Amino acid sequence: MNERLNCFTQTTMSSSTNNNTTSSFSSPRSYCRALSQLPMRLSHRATSVTTTYEEMSRVRARSGRDMARSLRWYDLVGLGLGGMVGAGVFVATGRAAKLYAGPAVIVSYAIAGLCALLSAFCYTEFAVDMPVAGGAFSYLRVTFGEFAAFLTGANLIMEYVFSNAAVARSFTAYFGTAIGVATSKWRITISGLPDGFNQIDLLAVAVIVIISFCICYSTKNSSVLNMALTVIHIVFILFIITMGFWRGNVANLTHPAHPETSPSGFFPYSIAGVFNGAAMVYLSYIGYDAVSTMAEEVKDPARDIPIGISGSVVLVTILYCLMAASMCMLLPYDAIDIESPFSGAFKGSDGWGWVSNVIAAGASFGILTSLLVAMLGQARYLCVIGRSGVIPAWLAQVHPQYATPVNASAFLGVITAILALFTDLDVLLNLISIGTLFVFYMVANALIYRRYYAPGTTSSSPYPTVYFLLSFSFFALCFTLLWRFLPPDASIARPLLLSVFGASAIVCLCMFNHFVPQARKPEFWGVPLMPWIPAVSIFLNVFLLGSLDGPSYYRFGVFSIVVVLFYIFYSVHASYDAEENGGLVTKVGDVGVDDGGSMKV
């Protein structure tokens, strides 16, 4: 791919071309020496960036064989539909409606869909410019450096693994309903384990193992299987929507089943509940970023990726809103079954109990497609992280015959199966939403930074863009905290302060747009209305992050600490060794340097 030539800075590689350099992990003494050099290694590696050329050539070559380019735009739309429809809508809709938004969960889905579409635009520009399998990890690595990419990549892997485990456990509930067997019959209770981890689900494990074998065998065949399952699933979705509008009652949109204990109205928990619901259902849109990880296997990235990513998000948002409306018309929001809301709506209904079985069967197909796509995506993320040198390189290997990342697929399949075996749905869902929002927030920031700062050019400085991103995020955070914690009865102070910080964010954005010129233009496809679309995406992601509960942040903080410690005690030394052995180069800009030291564009 031809790129604009900026400038480059090649970091000193000491005696880096010597392939016999001792590994930091070869002996306890070597590791202690490496730890004594930790400050130097952190300062050298944490902010080191690669280039688009490097990601698409030398980094990709570490996997051995290239992945097969066999996907077109309709494959991507099918993968997007399969990845999104079936996961969140069948897992989180009932919970969001009953506990957070009420019937206004319809609006929650519309807000989450808008937020996902704006983030999808950001993903699309990166994926077209750099069609590699790394998704957000690669995008942040060429923008903010190794540490930011690793922190984000770890959250992506966590997001996928927890999401897949949650969806696999939900499959048990829906499959049981489809064949008339209670969920409790499928799960084994272990009294000695703590609550939330004491329900053993063997069926969920079996599903994950079978799908892991499928995705190891062939990406194209997996796409064909996904397309077939998705078509069947969409038929069931249309059946659910039709039944909901036919059998449903509009009065259920405003009247709860128990008005003495549950608030009434379309917005029973006010606008705040709508945004809380949007944060909860946002995991329903995880699938589209899995599509971006297929970029390395797309025949015509410039044409197929924009259609595949954005088209699937728009179609899914429409389906989600219609499905949420049909569910809320079938039952008052406070009577919804959290475990299986759609099939549960027809349980006990005279003459219509069979519909519950049909819906559950359709949901089971949808859950299988979402698992298939998500597990395809998570394996490719881990594969590219393995290429970077921050985790063991064997995870990056592509099978010479099947042309798939077999090691990454198998490894993550085992981890996901273990989580699905023990962990309850409640424990999994909170971590999924916060990880998703954090990653999308980082990608939007990275896009603005990359558009407005070109390293090495005298006319471009990073500081105006950095100051804008920090200021804009600060105003968004202040607005969010005021919305969340300022009492609604503060009739004057609340709207006044919200207006001040909202207006400050807009003024900040207008000044940046007026005074700071773009440093680079995308060659094939770019986000329109820069920097407004990614900025709105940043604001919405911050706002939705503020809608999550405290325990979610506690778990997210613990996970992030574990990631940072892993980076300090392993990843930075592994990547430093790789650079010292000539396996990595560190530079700034869009110019690569080949093994002989010549410049590559």
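Numbers here mean position along the shown chain, with the first residue as 1.
Using the three backbone atoms N, Cα and C, a Cβ is placed for every residue, glycine included.
Just so you know, TrEMBL annotations are computer predictions that nobody has curated.
Values in this document were obtained by computation on a predicted structure and should not be read as measured data.
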Of 37-55, 170-188, the range TrEMBL labels transmembrane segment: 170-188
Annotated stretches the transmembrane segment (402-422) and the transmembrane segment (309-333) touching (3 or more Cβ pairs under 8 Å): no
Highest-contact recorded stretch vs the transmembrane segment (309-333), from 200-217, 224-246, 353-377, CB pairs under 8 Å: 224-246
Cβ pairs under 8 Å between the transmembrane segment (224-246) and the transmembrane segment (353-377), at least three: yes
Dominant neighbour of the transmembrane segment (266-288) in 138-158, 200-217, 353-377, by Cβ pairs under 8 Å: 353-377
